[in-house]
């Protein structure tokens, strides 16, 4: 169990507070899907962002929602029409087919509404735990973790833990631990999650992490403390 590997006496509050403070100063607060209150807009972003970059997605995301502001509108579109919009992202046939199926399922099963329930969301085509968490956190006001490889890297380094799963994002213990870190307040939960993701991309990078810029290095991060002792 991941929780058995966590050092005793760790103050999660310091971690949360440091990440939120960092996000308020350095985070990407203007990304449109982070400000979206519409579950459909958040779900679209989650699917468009797969295997591509934020920079590539922003303009396409805005145009996509302008044309298809609801699942019902997208369900009426053809795969070819959808492909024409998202072609610059690559894998356009796969993405378009998936988005079409998703919209049809939402119309058929949920009357065109996006459910604020994890199991219901995960029953939809192309929606896994991460996409479900994005909708629940950003649009439904639920304090869920956005546990992707970036958050996993930060958590494993800071707390000195390591998932035993070959695919850590499927590790239930890791999900439960990540969930315990998220503030209960919905707005703070967003700042914390977005902060961890931006922090992972800008500071706690996969290669050559910028520990000199890390507010967690000296008094929280196990990875840094071990490296300094070498």
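Each residue, glycine too, has its Cβ placed from N, Cα and C.
Listed in Swiss-Prot:
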- 204, 211, 214, 221: [4Fe-4S] cluster binding site (BINDING)
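Close to residue 221 ([4Fe-4S] cluster binding site) in the fold, though at least 6 residues off in sequence, lie 157, 158, 211, 214, each with a CB less than 8 Å from its CB. Summary for the binding-site residues 204, 211, 214: the Cβ-based neighbour count within 10 Å is maximal at 204.
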